[in-house]
Amino acid sequence: MVILNLSQEPPLVQAIFKGNLNEIENLLKENVDINYQDDEKRSPLHASAYKGNASITEFLLQKGARVNIKDSKWLTPLHRACRSGNEDTVEVLLKYNADTNARDKNWQTPLHIASCNNGYKCAKALLAVSPTVNVSDRSGCTALHHACFNGHSDLVELLIQHGASLNAFDKRDRQALHWASYMGHTAVVKILLQFGAEVNIRDKDLYSPLHAAAASGQVCVAQQLLKAGADRNAKNSFGNTPLHTACLNGHELVCQELVASGALINALNVAGQTPVHIAATATNGELCLSHLIDRQANINLQAKDGRTPLHMTAIHGRFTRAQMLLDRGALVDIGDKEGCTALHIAAAHGHELLIGVLLKFGADPSRKGRCGMTPMHLAALSGYVECCRKLLQVRGELDAQDDYGRTCLHLSAYKGNAECVDLLISSGADFNVIDSFGRIPLHYAASQAHYQCVYTLVSVGSSISLIDSAGATALHYAAAADMDGKCVEYLLRRKANTSTLDKQGYSVLHYAAAGGHDGALHVLLNDSSVSNGSGYGNEPLSISPLHLAAYKGHRKTVTTLAAISSDVNVTDSSGRTPLDLSAQFGHVECINALMEYGAHPVAQPGTLRTAIHRAAANGHFACLQQLLDRHMELVDVRDSQNRTPLMLAVQHASEGRKQSTDVLLGYGSVVDLFDNHGRTALHYASCRGSEDCVTSLLDAKASPYQKDHLGKTPFHLAAAAGNVNVLKQLLSQDKEPLSGLKLLDNEHYTPLHWAAYKGHENCVEALLEHDPSSTPVGNQFTPLHCAVSQGNELCAAALLEHYGPAAVQAKDGRVASACGSTDMLLLLLNYVPDLNAQDARQRTPIMLAAKGHACVLELLLTQCVDLSKRDRNGNTALHHACLASAESAALMLLERINESELIDAANSNLRTPLHIAARNGLVAVTQTLLEKGASVTVIDVNGYNPALSCAPNARVADCLSMIIHIMIDAVRTNGRRSGSFNLSSLSLGSRKTQEYNTERTAQIVSPGEEDEDNEDRESYSIRSSDSEFY
């Protein structure tokens, strides 16, 4: 909501805020627009209702102010009056028929607003006029939810007395009692319980009101709920009981109350954790833990990950709580699923005091945990020298190797804690142990350029030239990581081999170029044993050190290598030059350096993209500037898709695209060039939603009416993408009224169709504001059809408000029925002129709803719908329900149908609902039809009665007819055995034995017709020729 300066508002609004009725009268005599709306669509009546001046409000209404006018948030003056708690103004508005059921964009009615703001008298006035007390807002909350959340007890009682449902739930299935319990409103909780609220109700996450009270520490509410019979051991979807929840939030008093009431102190959640686990680690859980231990909780129980409460204290270094657990008998060396004990965890997190306590209670320092690491490994990896020192005091194994063959010294060298490395070496650690990757501690120290660790390890005799499993030496890793070159220089001084290539063919120079540390590079280039930068070393990929430096954006490295390179336009195996890589990743300084040494844009084989394309596509406008300064002739160079850099600039780059667009336009890029899809730069900018780019393109005379190969203009793309500001920009460029709205794509859809279909309400409103006409144009499947078919209620409402009832067709009701959207149907019920209107196939909305949309069907049955209507195949709504096997829908219809004409109604194939229900195995429907007197002797077009309709095919039907005939004869002759009959007496007409008449009834169905027609045709297409059965 925009806050406007009152002094800049019209005189009428200023007079209303001053409360000057005489001035208002004088202004209205001057023909001031009484229904004026500002940028937020707020009217003078909104202002009067907000100020609460009842006399001014009534005066405005007498002078023609629209009582139900809505602002941009769909708030009416009645909403405003309820928000301010002005009951006199509310009475005046109600007197002039203000809509009490009007909803804002949050679907809140004036009653919701009054309930939020303790507007007791306002709510009372509203309820006296309208009894709709259980309406829910967009979040699913009723007025009672809001009143309970805010603790308005008088209002809560008023709402309940007027029929508010205690069991109404919001979209997270939370009832009023949940919110009152969480907020600690004891008076409200008492009222709700007195009126019969369910104390153990659950929300979507299975939280009960007792969980809610426990979470916020509301001990008084917890007492109320427990006294009312709340389940103290109820579990939410995470398996947490209220006791878990209280411990998690450190609410000791609630914890005590729950334990005293009999809550299970060893209850497990889905992770297998007890309240003791939770209390052991929760920030404020110390007192809860003490209370649980005093009540004999199991302190050694393991969760699903194998961790005990002692493990949990080690994570956060809960020293006091660990001491408490150990004093009460906690087992110190229980391992979790990874084998880690509490000592492992304490060492990994650097809790040396806790380590001391654990060792004092007998923790094993040599036990292996995750990846085979001991507590010493974890302490060394994390660089906690004091933890290492404490573990060494109990003689932990120094050279123990983890699952990857690494010792504590490997991990300490990687971490770079020289003090820890010195401690381990002085304690006798072996510095030449090779791990599973072929590396000694020196490799790890060099990879992080830890000079002091490298110096120490080399000084004590570590092998400098040892090659690991990747083929790299310590010098390779140092070259990549050494900023000042000290490690590289030291290793070279100690005769490290510079000619070694790793297994991918990369040299130490490649590593240095990728690392971009100029100090290391200069040290290497100054060494006579290192080849110059023109040597690739990696022939299969043709990747030079210059490529790597340009890719990483290391300007100094690029300059150094370009100066000694024989070809700065060298390409890799994909055809990319160093200039391409610098442009793609926005390294403008590298671009300058490369072009200083002769680099220029080269089209990449296949894509035909140049460095200019790459810079534009990624929004690197500074790179574009530098490239075009020297190569302006390439401003509209095309790639393999015929896209120019301008198209890529507006399409792909998220940052810098405006600047890139302006740079390209400044160098003369042609705006209306199109690519292989017929799209211009303005198409892509409109779809992307770049307002600044659209402005620049329109200023450069780009045409918003250009159509692509699908007939879509920038208008269509902006509307479909929901870019309302871009759409407004395009509409402002319309040379003729409605020209943008009348643009049709190849399917005759307008931008309004696409905005409605995609559910972009703001775009729909923008287009409608630009459309003074009363009827939409384009495809007969109108924008309203689009909105209804996709369930876009807000779009549909805006279209209905603009075009009025005349725009509504019966098809809209049918579409809503077919989609199963009750909200949409409710909206359309106010506009659809005839719910019994039929489409080209003679179907009504209730026929489509009968296919299984129970909620829609129930709603339609409350309206004046004609259940005797038939479609072009003679099917009623009951036929449609049976054809779709929608048993619940059929039963719902049968509750309203008692006329024998409808129960035995036959369609064009002479089939009744009983034929179809029996055929589809709808037992309950068949039973109900028979109970209502449905005829069992009606014959369809194939000569079948309902019993024979159950047969899966004609052969079975013939067999069944013979059997039934004999059964009937048997009953008549009363005693003759069925086996004594002569089957030859059953004439099969002119057919020979085993020959069947397979002539099908002629039914021609177009491709657009629905499944029930096909099902009807296929299921009953063969006529029995038994002449004696009937």
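Glycine is no exception: its Cβ is also placed from the backbone N, Cα and C atoms.
Unlike curated records, TrEMBL annotations are generated automatically.
As annotated by TrEMBL, repeat 'ANK' applies to 40-72, 73-105, 172-204, 205-237, 271-304, 338-370, 371-403, 404-436, 541-573, 677-709, 710-732, 909-941 (among others). The region 'Disordered' annotation in TrEMBL covers 992-1030.
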Item checked: Same-chain residues at least 6 beyond the ends of the repeat 'ANK' (677-709) whose Cβ lies under 8 Å from its Cβ atoms -> 644, 646-647, 649-651, 657-658, 661-662, 665, 671, 715, 717-718, 720-723, 725-727, 729-730, 733, 739-740, 743, 745
Checklist line | Intrachain neighbours beyond the repeat 'ANK' (271-304), with Cβ under 8 angstroms and 6 or more residues off its ends | finding: 238-241, 243-244, 246-252, 255-256, 259, 265, 310, 312-313, 315-316, 318, 320-321, 324-325, 328-331, 334, 336-337
Next item on the list: Would you kindly list the residues that approach the repeat 'ANK' (541-573) from elsewhere in its chain, counting only those six or more residues past its ends and only Cβ-Cβ distances under 8 Å?
Entry: 505, 507, 509-510, 512-518, 521-522, 525, 532-534, 579, 581-582, 585-587, 589-590, 593-594, 596-600, 602
Next item on the list: Can you check how the pLDDT averages out over the repeat 'ANK' (710-732)?
Entry: 93
Check: By Cβ distance under 8 Å, which residues at least 6 away from the ends of the repeat 'ANK' (404-436) in the same chain are close to it?
Finding: 371-372, 374, 376-377, 380-385, 388-389, 392, 398, 442, 444-445, 447-448, 450, 452-453, 456-457, 460-463, 466
Next item on the list: Write out how many residues of the repeat 'ANK' (73-105) are helix, how many strand and how many coil, based on DSSP.
Entry: 17 helix, 0 strand, 16 coil
